[in-house]
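K.L.:
Handing you this structure, nothing more for now.
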Amino acid sequence: MAKPVVAIVGRPNVGKSTIFNRIVGERVSIVEDVPGVTRDRIYNSAEWLGKEFNIIDTGGIDLSDEPFLEQIRAQAEIAIDEADVIIFITNGREGVTDADEQVAKILYRSNKPIVLAINKVDNPEMRDQIYDFYSLGFGEPYPISGSHGLGLGDMLDAVRAHFPKEEEEEYPDDTVKFSLIGRPNVGKSSILNALLGEDRVIVSDIAGTTRDAIDTTYTFDGQDYVMIDTAGMRKRGKVYESTEKYSVLRAMRAIERSDVVLVVINAEEGIREQDKRIAGYAHDAGRAIIIVVNKWDAINKDEKTINVWTEDIREQFQFLSYAPIVFVSAKTKQRLNNLFPLINQVSDNHSLRVQSSMLNDVISDAVAMNPSPMDRGKRLKIFYTTQVAVKPPTFVVFVNDPELMHFSYERFLENRIREAFPFDGTPIRVIARKRK
C-alpha cells in the first residue's frame with residue numbers, strides 16, 4: 001500500500017516551503033553520508049498521529065522562465081495529478097488576491113479533497129481577517145503560522161481525515177512486483193513494450209490499488225510478475241515531459257509498491273544528476289535495484305566501452321555498489337532476455353533470511369580480523385547480531401555503546417555480510433543497539 005500523497009499549492013510567496021519544512025520537521029536534515037545520494041526537498045516523508053504520508057512542495061519547483069500564470073497552473077497540475085489531498089495556502093496579511101482566485105479555479109476541477117490554509121496569521125487578533133477566504137468556496141479556512149508553527153495541528157487533522165482508506169495488495173506473496181524508473185525519454189516505455197512482446201508473456205491490464213496507476217500482470221517461465229506503472233509512462237503531459245524534476249514524483253509511487261526497481265539510464269545522454277536523484281529515492285526506500293543502461297545500440301563502442309561505462313557508473317552511483325548493471329537495447333532487444341532472471345535473483349536476495357548462527361560466525365570472524373578502533377579510551381564490543389527484517393535485509397548488532405559504531409566500521413561489517421551471503425542487488429541495513 002503506497003502512502004497517501006499531500007501537495008502544498010498556492011501562489012508564490014505565501015510560505016509554502018516554510019510550511020513544508022514545518023510538516024516534514026527534522027527529516028529534511030537527515031542526509032546519508034554517502035557520495036552520490038542527492039537530496040531534493042521537493043518531495044519528502046512526514047507523519048501525523050501515527051499515519052505516514054508523502055508531501056510535495058510545489059514551491060520547490062523552479063519555473064522561473066515561465067509566465068506567472070503558467071507557474072501557478074503548472075503547480076496546480078502537479079497537485080491535481082499526484083495528490084490524494086491538496087493543501088491550498090493563502091496569505092492572511094494580503095487577503096484574497098486575483099492569483100488566489102486563479103488557483104482556486106484550477107483546483108475546483110480537481111475533484112480532490114482541498115484543505116484551505118490561511119498562512120501568516122501570527123496572532124489571535126488576525127483571526128478576524130480570515131472570513132474573506134470563505135469566498136474561495138473551499139469551506140472552513142484554517143488559520144496557521146508557518147513561521148511560528150501555530151494552527152498546523154488542526155490543519156493536519158483535516159488533511160488526515162481525507163486520506164483514502166487503506167487497501168491490501170491483491171497479489172499473492174510469490175508475485176514479483178517491479179517498476180522501471182528514470183528521467184523522461186530514457187526508454188522506459190520501449191523496454192516495457194519489448195518485454196511484453198515476448199511470446200511467453202501473458203498480459204492483462206487491471207486497475208491498481210493506487211490511484212492513477214496501471215498494473216500490468218504477466219507470467220514468464222512460470223513466474224508471476226506485476227509491472228507497476230504510474231500514469232507517467234502512459235500519459236505524457238506537457239509539463240512532466242518538459243521538466244525533469246516531475247519524473248521523480250511519478251517514480252515515487254511506483255517505488256513504494258515495488259520489490260525490485262529497474263533504474264533506466266540513456267546511453268546516448270550519459271549519466272545525469274537526475275538519474276542519481278531518482279536512484280537515491282529507490283535506495284532510500286530499501287528496494288532491490290538493477291541499473292539498466294538502455295539505447296546501447298545507439299552509441300559507438302569498442303571492446304573497452306562496457307568496462308569504461310561500468311567504472312563510471314560505480315564511481316557516480318557509489319551508494320548502489322550492490323546493484324548489478326545490464327546494458328540493453330529495447331530497439332534490438334539486446335540482452336533483454338537477461339532481465340527476468342536478474343529480477344528473480346535480486347528479488348530472492350531482497351527477501352533472504354540467514355541463519356543466526358552463521359551470521360554470528362561471520363561477525364565474530366570480522367571482528368577478530370579487524371577490531372574496531374579505540375574511541376576516547378573505549379572500544380566497541382559486539383555481543384551478538386540478529387536479522388530482524390527482510391525487504392531489505394536488516395540486521396541489528398547488539399553492542400556495549402552504539403555511539404562507538406562508526407560509519408566506516410558499520411560499512412566494514414556490511415561488506416563482510418555481503419561476502420558471506422548472496423545479497424547482490426539489494427541494500428542491507430546494519431543497526432547498532434545497546435544490549436540491555
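Positions of Cβ are set from backbone N, Cα and C atoms, glycine also.
Feature list, courtesy of Swiss-Prot:
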type: BINDING; residues: 10-17, 57-61, 119-122; note: GTP 1 binding site
type: BINDING; residues: 182-189, 229-233, 294-297; note: GTP 2 binding site
type: DOMAIN; residues: 4-167; note: domain 'EngA-type G 1'
type: DOMAIN; residues: 176-351; note: domain 'EngA-type G 2'
type: DOMAIN; residues: 352-436; note: domain 'KH-like'
K.L.:
Do you know offhand how many angstrom separate V121 (GTP 1 binding site) and K188 (GTP 2 binding site) by C-alpha?
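P.N.:
Pair distance, Cα basis, whole Å: 46 Å.
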K.L.:
I'm trying to understand the geometry here, so how far is the Cα atom of N185 (GTP 2 binding site) from the Cα atom of N13 (GTP 1 binding site), in Å to the nearest whole number?
P.N.:
33
K.L.:
Are there residues of the same chain, six or more positions away from N13 (GTP 1 binding site), whose CB falls under 8 angstroms from its CB, and which are they?
P.N.:
N91
K.L.:
For N185 (GTP 2 binding site), just count the other CB atoms lying within 10 A of its CB, please.
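P.N.:
Result for N185 (GTP 2 binding site): 16 other Cβ atoms within 10 Å.
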K.L.:
Using DSSP reduced to three states, classify K16 (GTP 1 binding site) as helix, strand or coil.
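P.N.:
In three-state terms, K16 (GTP 1 binding site) counts as helix.
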K.L.:
Quick one: of the binding-site residues G10, K16, T58, which has its CA closest to the CA of K188 (GTP 2 binding site)?
P.N.:
T58
K.L.:
Could you check which of the binding-site residues (G10, K16, T58) sits closest to W296 (GTP 2 binding site), going Cα to Cα?
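P.N.:
So, spelling it out, the nearest of the binding-site residues is T58.
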K.L.:
Restricting attention to the domain 'KH-like' (352-436), give the mean pLDDT.
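P.N.:
Here the predicted model's pLDDT, averaged over the domain 'KH-like' (352-436), is 94.
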K.L.:
Which whole-number value in Å describes the distance between the Cα atoms of G10 (GTP 1 binding site) and G182 (GTP 2 binding site)?
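P.N.:
Counting only the Cα atoms, the answer is 28 Å.
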K.L.:
I'd like the per-state residue tally for the domain 'KH-like' (352-436) from DSSP, helix first, then strand, then coil.
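P.N.:
Counting residues per DSSP class in the domain 'KH-like' (352-436), I get 31 helix, 24 strand, 30 coil.
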